[in-house]
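Peer 1: Below is one structure. I have some questions about it.
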Amino acid sequence: MSSPSKHRSKKQSKFKRLMHKRLPISKWLPEYNSSKAVADLIAGITVGLTVIPQALAYATLAGLEPQYGLYSSFVGCFIYIIFGSCKDITLGPTALLALMTHQQILGRNTDYAILLCFLSGVVQLAMGILHLGVLIDFISVPVTVGFTSATSVIIAVSQLKGLLGLQFESGGFLDTLKKVITNIPKARVEDSTLGISCIVILLLMRKIKAINLSPSRKGLKKTLWLLSTSRNAVIVVLCSVAAFILKQYQLTPFKLTGKVKEGLPSFKLPPFSTEYGGKNVTFIEMCSDLGSSIVLVPIIAVLGNVAIAKAFASGDSIDATQELITISFANIFGSFVGAMPITGSFSRSAVNHASGVATQFGSIYTGALVLLALSLLTPYFYYIPKAALAAVIICAVIFMIEYEVVKPMWRSRRADLVPAFATFALCLAIGVELGILAGVAVNVLLLLYPSARPQLDSEVITNGSGFSYLMVTVGNSLYFPGVEYIRQYVERVAKKQGGCSMPVVIDCRYVLGADFTAAKGMCSLSNSLSSRGQPLILLSPRASVASVFRNAGSSVVVVLTNSELDTTLQNITGQVPLLVINGQEKRQTPPPNYESLRVDDDVTEIVITDEKNTTPLLNRNGNKPRSNEVNNT
């Protein structure tokens, strides 16, 4: 019997593990020191310089005013310090979620984006509590590749409008592309020149950190790295300064962002009703308008966040449930300050990692920098050229097009290209939400196809005992999609190869599973074959498969070994196999008198007698776990 002190110690240890799991800050904060604080400060400020221009750009992409991007960029930082399980992840707006948000608020007001943020958090929290993170597993890598590549193309094309200084209203990807092409003659030279120049400079600045320098020039190398990392902020600041100077001379060659609301957002409940188009819209009507995005947006957000966590985990296990709960809190509380849906950003997380972040505390400096920008810098956001923001977005998303995976997919399994290209094409044609649903459906169909059309082989076998039978090998599981296909195949080859009386044996060694429909289908096949004198036997099924047939009440004969198969064939056909009598193999066909053959749970008995003499010529006993009886032949 354990002592009270040991019992108390176990409870304390269990509580401590739970605290470390659900409140990761309780694990790393006691070990925090000055060196980690310095590393977090540098990383946090570096990420902050990246997130501010991106937030402004992504708000524009989502169809919102620029300040909403900043509203979406600080709450997640503070939440992740407490609940986040991966030090490298930074939460905030992303191009992908901005695009999905834009498609939902198109023609509507900002309240829809804020409500979508709140509902995304609620759905994510429910998934975390109910451990429904398994739903993410249904979105395979090929589907994800097709989806992210398509959204990258859609985002890049959508930004051509701002890059070239065009003015038009458009719907989906195809409509936008068509209008960009038709409106190219109307492109503004100043905006086009600035936008294209920004893209070229951003791409060059992205490469300067890879310049090989001698070890003695470590300071220059760090400077180039910092310049490359903060390239978005550098471009936005330089373009804004240029626009400001030109404005002083009454020159406005570029389309500017315009007035941005000053100050911090107010903390209030998210909008559960709204007014637009001259009518009041209730919460139910808003949810109906948002449709499937209420589920898809949070799932995509979690998918991206878990993928980032795995990429930077450095071999550590990732608690997907904890990440779900963390993102849910970030979205729920973010909606109280007017945020749009957020998740982990791969580009900013990579910057965080490369900056040498030590703990999740680095996010507090990023969040503080965003709040500082909202408090002091919003008047200057007026001068940011739209072409510069478009260039920032385009340079961020073009590297999300995962064309490099096509070659390894082709080499490893070409069928995986089908859902990848299907998702890519459908996202471009019918929108990202329906596109990813269709891609998942295509992928599921590919998974089900082997069950619907399993590999089947057949051959006539004569074993060592002299019994001939038709062996049909099933190369996949016995599930309902393939039952009718297997049945038709077996009946066809049974007639063609097996004659009218040859037993049919289905080799189940490679069958990993079965269901009730399969059990009933095999029973029906057995009855059909038996009606023309062909018995059906299942050979060597797994215990789980045999259990399905047994519990479904199937009358199909099941044998586990080849020796049992020989005995059962002898039982059914009434033939006597090759026997070893007096050290010599002899075939008794026909036997003097086949008196009886009984195989029950305890004993197997074969009795062969002479027609005139009832004294047994051969009596053989043995234990066999099978039950059946054949009358005199």
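Using N, Cα and C of the backbone, Cβ positions are placed for all residues, glycine too.
So TrEMBL says this about it:
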type	residues	note
TRANSMEM	73-100	transmembrane segment
TRANSMEM	112-132	transmembrane segment
TRANSMEM	138-157	transmembrane segment
TRANSMEM	225-246	transmembrane segment
TRANSMEM	294-312	transmembrane segment
TRANSMEM	324-343	transmembrane segment
TRANSMEM	364-382	transmembrane segment
TRANSMEM	388-406	transmembrane segment
TRANSMEM	418-446	transmembrane segment
DOMAIN	470-576	domain 'STAS'
REGION	613-633	region 'Disordered'
COMPBIAS	614-633	compositional bias 'Polar residues'
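Could you tell me the structural context for the features on the list?
Peer 2: Residues of the same chain lying 6 or more positions beyond the ends of the transmembrane segment (73-100) and with a Cβ under 8 Å from any Cβ of it are 22-25, 28, 47, 51-52, 54-55, 58-59, 61-62, 148, 151-152, 154-155, 158, 293, 296-297, 300-301, 304-305, 308-309, 312-313, 318-319, 322-323, 325-327, 329-330, 333-334, 337, 339-345, 348-349, 352-353, 357-364, 366-368, 370-371, 374, 393, 396-397, 400, 432-433.
Tertiary proximity for the transmembrane segment (112-132) is limited to same-chain residues at least six positions away from its ends with a CB under 8 Å from its CB atoms, namely 62, 64, 68, 72, 101, 104-105, 270-272, 274, 286-287, 289-290, 293-295, 297-298, 301-302, 321-322, 324-325, 327-335, 338-342.
If one looks beyond the transmembrane segment (294-312) by at least 6 residues along the same chain, the residues whose Cβ comes under 8 Å of a Cβ in the stretch are 85-86, 88-89, 91, 94, 96-97, 100-101, 116, 119-121, 123-124, 127, 133, 135-136, 139, 144, 287, 318, 320, 323-324, 327-328, 331, 341-346, 349, 353, 433, 436-437.
Sequence-distant contacts of the transmembrane segment (324-343), counting only residues of its own chain at least 6 positions beyond either end whose CB sits under 8 Å from a CB of the stretch, comprise 22, 59, 62, 64, 68-69, 71-73, 75-76, 79-80, 83-85, 91-94, 97-98, 100-101, 110, 113-118, 120-125, 127-129, 133, 265-270, 297-298, 300-302, 304-305.
Counting same-chain residues at least six beyond the ends of the transmembrane segment (388-406), those with a Cβ under 8 angstroms from any Cβ of the stretch are 53-54, 56-58, 60-61, 95, 145, 148-149, 151-153, 155-156, 159-163, 194-196, 198-199, 202-203, 206, 232, 235-236, 239-240, 257, 347, 417, 420.
Outside the transmembrane segment (418-446), and at least 6 residues removed from its termini, the chain residues within Cβ reach (under 8 Å) are 99-100, 103, 138-140, 142-143, 145-147, 149-151, 153-154, 172-174, 291-293, 296, 300, 405-406, 409.
Mean model confidence for the domain 'STAS' (470-576) is a pLDDT of 87.
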